[in-house]
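> Sending over a structure as structure tokens; questions will come in a sec.
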Amino acid sequence: MSGQSSPAWRYLLPALAAAAVFVVFPMLYTLSLGFTNYSARNLLEFERARAQLLEERLVQPGSERAFTLHADGARWRVALPAEGAQAALVTAPLTLDTAEPRAVPLQPLADTALTPAATPAQVVERVPALRALQLTTPDGQTWSLQSLRHVAPSRPLYTLRDDGALVDTLTATAYRPDMVEGFFTSEAGDQLQPGFRVAVGWRHYQRIFSDGRFQEPFASVLLWTVAFSALTVLGVTALGLLLAVLLNWEALEGRALYRVVLFLPYAVPGFISILVFKGLFNQNLGEINLILNGLFGIQPAWFTDPALARAMLLFVNIWLGFPYMMVLCSGLIKAIPGDLVEASAVLGAGPLTHFRRVTLPLILKPLTPLLISAFAFNFNNFVLVSLLTAGGPDRVDTALPVGGTDILVSYTWRIAFQDSGQQFGLAAAISTVIFAIVAAITLVQMRFTRINDEPAR
């Protein structure tokens, strides 16, 4: 038994591994991000954020001092030439192949022989290692790299207290870690950057469904997304089915030529067609407005009026999709038994009656799963919205970036990558909601196709 099943599993494993890597893992990772405050301000883990703040140093303005770099065999020396009352100092030979922070003592130059100073290119090559050096002078000062030619005395900007707070060495202000918001925060409410990631529970989901500032734009985007998907499927199906019926009319001459011409929009790559239409609908120089202005004296604001922008989006999407539906319906119509067509003609049924009583019922059942799939596809049709309108025209009455033609996926994109805060956690929560909606659509599709039903008895 195991010997017979092993070959089957051998063929399934690559597909299962690909599904795990490209579907399951991203889904679980996105789901986990939705429960954190991950954003452009909270990118790091707590330890890394604290370490970065502790590495910040305070430099006294105007205290810079020139330095030179000298080769010493396979190692290097950093030298501070004498300036005024300041004596010349030099380090012992050291390696510059690591960027790990380290303290290096400076000693008087005395009779130390130095090779010629390194070239700017050699200095640039070793900047990461030089930046990590903390040069300590005999009097206890710490100097660090400020530019390609200068170092300056510096001291830590923050020190770590025993209770975990960071203390500003300049103002003595204490900043305690706020494990709710993900920042080191003072009693006055001032926050240090960068912040750190913390778990926020269901906060993002509560914001999506209960925060009034977020609820209204989210609801309007959701309604438009559903309407956009439904109207697209309805328009594509109606136009494709109409053309399929006409092209199957035997009395129509040149049907083969018509099929080729009508299929051309589908043969052209979609992103090219979208960009072509973007130029055609240009409000000032587009051919469509030039024609409308010449005939009727109007120049519609396709990209600034929300209603017109949505109409344009639907028109372009239907244009891109009707050839596929036309070919699909043509194949289904061809599959109708000829006996039914002849029987309908014998009974005296007209074209409309034949379509309503014979053609439509026979093609609707196999077409339904494809219509549901088309609805799910257009629910996430990011490419069309991004290339044609970029979600615009933008609304000015919302706290988050949202436009008149944004669908849920483009809305999520703008929150994650275009908003000034780049709220990745919030965007992940919205993505999870979108996934739930699409999953529900898939279950509906399974219901219609009876994939998960038990065999009829």
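Even glycines carry a Cβ here, placed using N, Cα and C.
Automated prediction, rather than curation, is the source of TrEMBL annotations.
TrEMBL lists these features:
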- 12-31: transmembrane segment (TRANSMEM)
- 221-244: transmembrane segment (TRANSMEM)
- 222-445: domain 'ABC transmembrane type-1' (DOMAIN)
- 256-277: transmembrane segment (TRANSMEM)
- 308-327: transmembrane segment (TRANSMEM)
- 424-444: transmembrane segment (TRANSMEM)
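So where do these features actually land, and what's packed around them?
For the transmembrane segment (12-31), same-chain residues at least 6 beyond its ends with a Cβ under 8 Å from one of its own Cβ atoms are 428, 431-432, 435.
Residues 243, 247, 312, 316, 319-320, 322-324, 326-327, 330, 383-384, 387-388 of the same chain lie 6+ residues outside the transmembrane segment (256-277) yet bring a C-beta within less than 8 angstroms of a C-beta in it.
Sequence-remote contacts of a segment are chain residues at least 6 beyond its ends whose Cβ falls under 8 Å from one of its Cβ atoms, and for the transmembrane segment (424-444) they are 27, 30-40, 200, 204-205, 207-208, 218, 372, 375-376, 379-380, 408-409, 411-413, 415-416.
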> Could you pull out which residues elsewhere in the chain have a CB under 8 Å from any CB of the transmembrane segment (221-244), counting only those six or more residues past its ends?
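Tertiary neighbours of the transmembrane segment (221-244) are 262, 310, 313-314, 317-318, 321-330, 333, 363, 367, 371, 374-376, 378-379, 381, 402, 405-408, 411.
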> Taking a Cβ cut-off under 8 Å, which residues six or more beyond the ends of the transmembrane segment (308-327) line up next to it in the same chain?
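Residues 224, 228, 231-232, 235-237, 239-241, 243-244, 247, 262-267, 270, 273-274, 277, 281, 300-302, 374, 378, 381, 384-385, 388-389, 392-393, 404-405 contact the transmembrane segment (308-327) from elsewhere in the chain.
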